[in-house]
Structures are given as C-alpha cells and as structure tokens.
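Trainee: TrEMBL lists 25-436 with the feature domain 'Ammonium transporter AmtB-like'. Residues or ranges marked as transmembrane segment by TrEMBL: 12-34, 54-79, 91-111, 123-142, 149-168, 180-198, 210-228, 248-268, 280-299, 305-322, 343-361, 407-432.
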Amino acid sequence: MAKIFSSSLRCRLPVLVAIFEVLLLVLYAVFVTYDDSTNAALQTNQTDPLQNSVYHVYPFFVDVQVMLFVGFGCLLAFMKRYGFGGMVFNFLTATFAIQWAVIVQGFFQFYHDGKIHVGVFNLLNAEFACAVVLISFGAILGRTSPIQLLVMALLEVPIFAVTEWTILKYLKINDAGGSILIHIFACYFGLGVSAILYRPCLNEGHSKEGSTYQSDLLSVLGTLFLWVFWPSFNSSLTLPGDDQHRAIIHTFIGLSSSTLTAFALSALLNRRGKLTMADIQNVTLAGGVTVGASVDMMISPVGAFALGMIGCTACMLGYKYLTPFMAKKLRIQDQCGIHNLHGLTGLISTMAVIICILIASEDTYGPSLYQTFAHRAPVEGDPRLKELQELIPGLNPGEGRSASEQALYQAAALGFSIGVSVAGGLLTGLVLRLPVLAQPPDEFCFDDALYFEVPEEFDNSVLPTSNYDLVAIKD
C-alpha cells in the first residue's frame, strides 16, 4: 500500500495564517491599548521626553531582535539542503510567536482597567517568549512542516506564559538571564515534542542532513551574532545600575571562557585532532547560558570564567555522547542538540544560583543585598525595612525569606519548569501528529525543495515535479 502526501501549502498555510491573523486582529482591537509612555493624551509640557522608557528599553529590544531573527536564523541554516527552511521558518515562527505573546503575556502581566497596556517593554518581554519557541524548534528542525511550527508556537506560548507567571508571582525566584524560565523550559518542551515525533529511520543518519562549506559559514555567522548580543539578552531585565553592569561583564567573561574551552575540546576529542564546525557553532555559546541565572549577582569575574568553562565542557560531552544515547536508547531525537546548549547548561546555572543565594550576605552586597535578592527583603511593617529604606530609598518590601528558603524556591521552580514543559511538549507533539498538519515523510526531511521554489542549481531530482506536488509514500 502507499499513502499520498502533498507538499503543497496552497490551501493549508493561507487558511491557517488567515485564521490566526483574524483572531489576533480582533484581540488587538478589543484589548490592546498604549501604556503611559506611549499614550499622547498623558503627555504634558511637564513631561520630559528623555525620561521616556523607550530610551532605556529600545536598545535591548533591538539587540534581542538581532539575536532572534539573524542569529537564530543563520545558526539553523547549517544543513546543506535546508538553508531556506532553517532561516525562513525561523522568520515565520518568530514573527507569529511575538504577535501572539504580546496578547498572552499581556493578560498575565500588563492587564488592568480592561486593557492590555503596550509599550516597547511588552515587545521585549514577548521576544523572550519567542526565544523559547525558537529553541524548541531546534529539536525538530527539518522534520516538521511550517504548519506544524505555527501550531507549536500557538500552543507553546500560552503554556510558557502560565509557567512564567506562576513562577514569578508565587515562587518569586532570581533568574535574570532566564536559565530556568527560558532555556530549561524551551529545552524540555522541545524534547517532549521530539519524543512524540520520533522517527526511528532517522537514527541511522540521513543523506540530506549534513552540511556544506557555505552552510557552515552561514551558521557560524549566526553564532557570532548570538555571541556579540548575548550580554544584552542576559542583562536586559536586570536592575539598572551595578546589577546590569555586572550582568554584562559576567556574560562576556562566561562566553569568552567557553569559546576558548570549546576550541581546545573540539581538537582534543576529534580523532584526527581537527576542529569541528558544529562545536564552534554551538558549544562556544554555552557560557552565556551557564552564567544566566546568577549573572547579576556578585559571583566575581573568576566565578563567571569558571562557569563558562564548566558549561562548555558539559555541552561538548553532551553533543559527543548524550545526544546519540538519547536518540537510540530514549527515543528522543535532538536535531540541534538543544539539550546540550540549553538543558545541561541551564541545570548547571540553576545549581550555581542556588549556591550564590546560600552564600550571599550583607558583607558582600551591603544593603543592596535586598535589591538583588528582592524577596529576602523584610516584610511590610518590619522595623528593619525602615532602616534599609533610609539607606536605599525606594526599596520595596519583600517576603522576608532566609537564604535557605530562597534556595528551596529556586529548586521548586526548576522542578515546576521541567514538569510543565515536558507535559506541554508531549501534548503538543500529539497535536502535531495530526495528518492535516502535513508532517513530511522520512525520505523528504531536511530538504527545501519540499516546500520552496528553489533555484535551478539546487538539485531537486529526488522530489516530484508535477503540478500537484504529490508523493507516493510506502505504508
């Protein structure tokens, strides 16, 4: 028997996009309005334009934009026959994810007086939700249709928003660089989806899965964009001033140490003693994730250096040994190795932040301890709070937590993030298996010609050329 698979997007993609965009158009019309910084009616001759939040937030917004659209896009274009898919499907998915996240996160974080109040900060916040989707995308790169990717974004963004809101509102943790909220959630969600979409035939490799000289160059260009702008990613949500200053320094030091370590390990672990481009494209970035959760703390420059080296080593060994083991023994295929770059490093970062919380004291931080660790500040009415507010005007009341209590909340957030992301990924994977979503058959994975009009020099001889783009697949 044979099943007929159609690669044509002529009906399914326009219909799906029309449904999504009409839905979003209605939601934006009914619920979205300007926040105080963007509403012209609230500006007077007493308003100082230079104090508008756009001047603080917009530089970070632009940097993260470059990471999402250029950095991720180029990085995912490493396959020799899937450069269009890696970059363009990243573009498509990211744009929709940000549109959708503005609404979903808006209801949880920016909703009052019956409206979602939008400014540039909302867009920056939505970009972090988008980053979650794009990281998850890496686990199933080349094995899914654009229809499936849009549906995945549709489901993942609300699940992430609920997780984010729950952790920030009730567990109240320190995670400036998003190691727990972004990297770990995205990793295990993507692996959950991949486990359901498992393809045993792909474990033995695929003829179209490799790279070329040009595709590796494009991919490492994406790595360089991510590397350069990662300090903005890690520092954008930290407290302005010394916390943000430390975050930038620690991220750079962590990235630089992981980069040099990656070069050394790549040559050491290669049988011929040569550098492997996949290591340069991915493992060099490990330090940015490993310092993430503690990036604004007094971890010291040497601490950031050590975390970069540790994260890089774990990431490198993960690519070499853990990824093949997961595919063959656990039936979890990880196309881009997101478990190594985001999962393992995120776990190390979580352990590091717990240690930092346990050893943090006023001897090291001074009164600003209760700004960096806001939930350790005394509760409202505590005489100690008044003393601290004299030293730090504007200090907000906290939860009065001890160091050990805050550390337990960090651990609880880790467990909650992993649990929800795995469950959400498995459920999303089941939805993505629906035939109407046009999942490509094994033999046509990792190939742009399945969904794109490709140039003449592109060898598409293995794909159908009929006007109907129908393929007979053996059952």
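The chain as shown is numbered from 1 upward.
Backbone N, Cα and C define each Cβ position, glycine as well.
Predicted, not measured: the structure shown is a model, and the values here were computed from it.
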Trainee: Take the domain 'Ammonium transporter AmtB-like' (25-436) and average the pLDDT across it for me.
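Mentor: 95, rounded to a whole number.
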Trainee: So which residues does the transmembrane segment (210-228) touch in its own chain, when a touch means Cβ under 8 Å and the partner is 6 or more beyond its ends?
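Mentor: The answer is 66-67, 70-80, 83, 255, 259, 277-278, 280-282, 284-285, 288.
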Trainee: Taking 3+ C-beta pairs under 8 angstroms (sequence gap of 6 or more) as contact, is the transmembrane segment (54-79) in contact with the transmembrane segment (91-111)?
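Mentor: When sequence-distant Cβ pairs are counted, the transmembrane segment (91-111) touches the transmembrane segment (54-79), since at least 3 lie under 8 Å.
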Trainee: Could you check if the transmembrane segment (12-34) is in contact with the transmembrane segment (149-168), meaning 3+ Cβ pairs under 8 Å among residue pairs at least 6 apart in sequence?
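Mentor: Yes, the stretches contact each other.
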Trainee: I'm a bit unsure how to read this: which one of 180-198, 248-268, 280-299, 305-322 has the highest number of Cβ pairs shorter than 8 Å with the transmembrane segment (407-432)?
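Mentor: Stretch with maximum Cβ contacts: 180-198.
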Trainee: Could you check whether the transmembrane segment (248-268) and the transmembrane segment (280-299) come into contact, where contact means at least 3 Cβ pairs under 8 Å with the two residues of each pair 6 or more apart in sequence?
Mentor: yes
Trainee: Which residues of the chain, 6 or more past the ends of the transmembrane segment (305-322), have a CB below 8 A from one of its CBs?
Mentor: 253-259, 261-262, 265-266, 269, 278-279, 282-284, 286-287, 289-291, 294, 299, 337, 339-341, 344-345, 348-349, 352
